[in-house]
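Quick notes on the structure that follows.
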Amino acid sequence: MIETYSQTAPRSVATGPPVSMKIFMYLLTVFLITQMIGSALFAVYLHRRLDKIEDERNLYEDFVFMKTLQKCNKGEGSLSLLNCEEIKSQFEAFLKEIMLNNEMKKEENIAMQKGDQDPRIAAHVISEASSNPASVLRWAPKGYYTISSNLVSLENGKQLAVKRQGLYYVYAQVTFCSNRAASSQAPFVASLCLHSPSGTERVLLRAASSRGSSKPCGQQSIHLGGVFELHPGASVFVNVTDPSQVSHGTGFTSFGLLKL
């Protein structure tokens, strides 16, 4: 007896897409990307070209307008008087608009320059004689009185007050009779003082000079000056130990400040 055996066929192995299909997909992808980039570049070029054409058209219209205006001035061409007057009025309105814009720009530049620059703040005053002299010297509101800005003022005839913070050069010159008989032989002392917005006072500068013994008046001068930071509402004044010895002649005793 003959026995037969049947063998099962082997399973077929799944294979991927052929190489030609892969190459086709790759080329298709490259083509699509290239087309997108080309379309974008063409759109940019077209946009710029349209802008250029628009500018050229505007220039051509301006050229035609100027030629027409020139013909109107010369009386050439077939334009009526009414059309020429209308063209001239348009041109005049255009010129007025340009001039107005230029004036506005100039005013804006001037305003910006003024805003960038700090206003000049300065003051110079001379002493004023008083029947009842006090240790804090008084200053004349007239004569050599100089105030260059409303940001500084003379208060109560004694103090120079500032309204803007900054560095100030403050100075004073006090002339006195060194040989005149005085209540004491103590040195003559002049002080430059600060009155702060909080109400406190302090000495900024101080100088002293000795007296002579002879009776005739021998004039001497004390000079004070320095740079200080002053705040809005602060004021400075001059104090002396013997106000009866101060000379109030023109140019002898003065006081002032200057914002740096």
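Any Cβ shown, glycine's included, is placed from N, Cα and C.
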Request  = Could you identify, going by Swiss-Prot, the member of Cys84, Cys177 that forms a disulphide bond with Cys217?
outcome  = Cys177
Request  = Can you check which residues sit near Asn239 (N-linked glycosylation site), meaning Cβ under 8 Å from its Cβ, same chain, 6 or more apart in sequence, and list them in order?
outcome  = Ser135, Val136, Leu137, Ala190, Ser191, Cys193
Note = Other C-beta atoms within 10 angstroms of the C-beta of Cys217 (disulfide bond) total 14
Note = Mapped onto three states, the DSSP assignment of Cys217 (disulfide bond) reads coil
